[in-house]
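Everything below concerns the one structure shown next.
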Amino acid sequence: MAPCWNHSDETTEFILAGFPNLNGTGVELFSMFFLIYLLTLTGNVLIVGVVGADHRLQTPMYFFLGNLSCLEILITSVIIPKMLSNFLSKQHTISFAACIAQFYFYFFLGASEFLLLAVMSVDRYLAICRPLHYPLLMSGAVCVRVALACWVGGLLPVLGPTVAVALLPFCKQGAVVQHFFCDSGPLLHLACTNTKKLEEADFVLAFLVIVSSLAITAASYGQIVLAVLRIPSASGRHKAFSTCTSHLMVVTLFYGSAVFLYVRPSQSGSVDANWSVTVITTFVTPLLNPFIYALRNDRVKDALKDLFRKAVAELSANSFILESLRKKTVS
């Protein structure tokens, strides 16, 4: 067995392997992923801002979309900034404490997002299939409680596995995390002890969170599809299906990659394939979600246009005031 290091040692750290099959210099990779990160932040910040600023978007659907965008901002910010710094650094190291923190926040935010996606699908089901009861069932107070439950539902269950991973003895030799961040499988792969029970506990937790939320999402969208098929107007059916199809595409990508990565009894033996699939949940879906869920929506586009006009008008007014003050000062 390889020697292990003590967690109290100040020099304890891991090396992040990054993207093993990605060609390009550090600056080129930094530029590419920084652009992706910037676009992701811009799209999701716009959604949060416009939902909070425009009274027309003060509805349950947009409230949950705002929460989803907050989660996307946080989950990408947990991973990408450290990865970007590694592209420009010769030493791709991460401290033990930072690695465990990254591990915790990634899974906490990811679990919250699964729960929120299930809630959003139920919200759409109630709006389409139970329109008369919808205002009562999804009142403002109910929405706040449900959203809070999603955040707490991701926050608490991940604490146990995180503490268990933090207490594992890790091998000194070859302490290279075969990933671009501190994911579960690659970390367990470095442990100097048998991690079978911990992997089984992770499997049960992942199954409960991912598969249960997937079942709720699939059932809700199934009922929505049946309701759409009963719409007499062909144009109405086409519009509804185009919206549902785009939503289902993102949900399928997100759930499919998560099931592949985490809903299996053993994770430590499947290190090599993890990084390529994780790209979908870390980069692709956070980038697509603002466009799929909101920016293709006419109401959101109108709200963004109004917000832009107000910003331009205020900027012009401030510029005029400053110019007037400058002229008075000169005279």
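Even glycines carry a Cβ here, placed using N, Cα and C.
Taken from TrEMBL, the feature domain 'G-protein coupled receptors family 1 profile' covers 43-293. The average pLDDT the prediction assigns to the domain 'G-protein coupled receptors family 1 profile' (43-293) is 84.
Residues annotated as transmembrane segment in TrEMBL: 29-50 (among others).
Taken from TrEMBL, the feature transmembrane segment covers 62-83 (among others). Residues 16, 18, 33, 36-37, 40-41, 43-45, 47-48, 51-52, 94, 98, 102, 105-106, 109-110, 112-113, 116-117, 119-120, 123, 143, 147, 150-151, 180-181, 282-283, 285-286, 289-290, 293-294, 300 of the same chain lie 6 or more positions beyond the ends of the transmembrane segment (62-83) yet place their CB under 8 Å from a CB of it.
The transmembrane segment annotation in TrEMBL covers 103-122 (among others).
According to TrEMBL, the transmembrane segment annotation covers 134-159 (among others). A Cβ distance under 8 Å defines the sequence-distant neighbours of the transmembrane segment (134-159), meaning residues of its chain 6+ beyond its ends; these are 60, 63-64, 67, 104, 107-116, 119, 123, 126-127, 205, 209.
The list of residues near the transmembrane segment (203-229) in space but at least 6 beyond its ends in sequence, with Cβ under 8 angstroms from a Cβ of it, reads 111, 114-115, 117-118, 121-122, 124-125, 128-129, 154, 157-158, 161, 237, 240-241, 244, 247-248, 251, 255, 258-259, 262-265, 267. Look at TrEMBL and you will find 203-229 (among others) tagged as transmembrane segment.
The transmembrane segment feature in TrEMBL is assigned to 241-263 (among others).
Residues or ranges marked as transmembrane segment in TrEMBL: 275-295 (among others). Through the fold, the transmembrane segment (275-295) approaches residues 19-21, 33, 36, 39-40, 43-44, 46-47, 62, 65, 68-69, 72, 75-76, 79-80, 110, 178-181, 183, 246-247, 249-250, 253-254, 256-258, 260-261, 301, 304 of its own chain, all at least 6 residues removed from its boundaries and within a Cβ separation under 8 Å.
Non-local neighbours of the transmembrane segment (29-50) in the same chain are 19, 22, 57, 65-66, 69-70, 72-73, 76-77, 80-81, 83-84, 87-88, 283, 286-287, 289-291, 293-295, 300, 303-304, 307; each lies 6+ residues outside the stretch with a CB under 8 Å from one of its CB atoms. Listed as Cβ neighbours of the transmembrane segment (103-122) (distance under 8 Å, sequence separation of 6 or more from its ends, same chain) are residues 61, 64-65, 67-68, 71-72, 74-75, 78-79, 146-147, 149-151, 153-155, 157-159, 161-162, 165, 181-184, 187, 209-210, 212-214, 216-217, 220-221, 251, 254-255, 258, 281.
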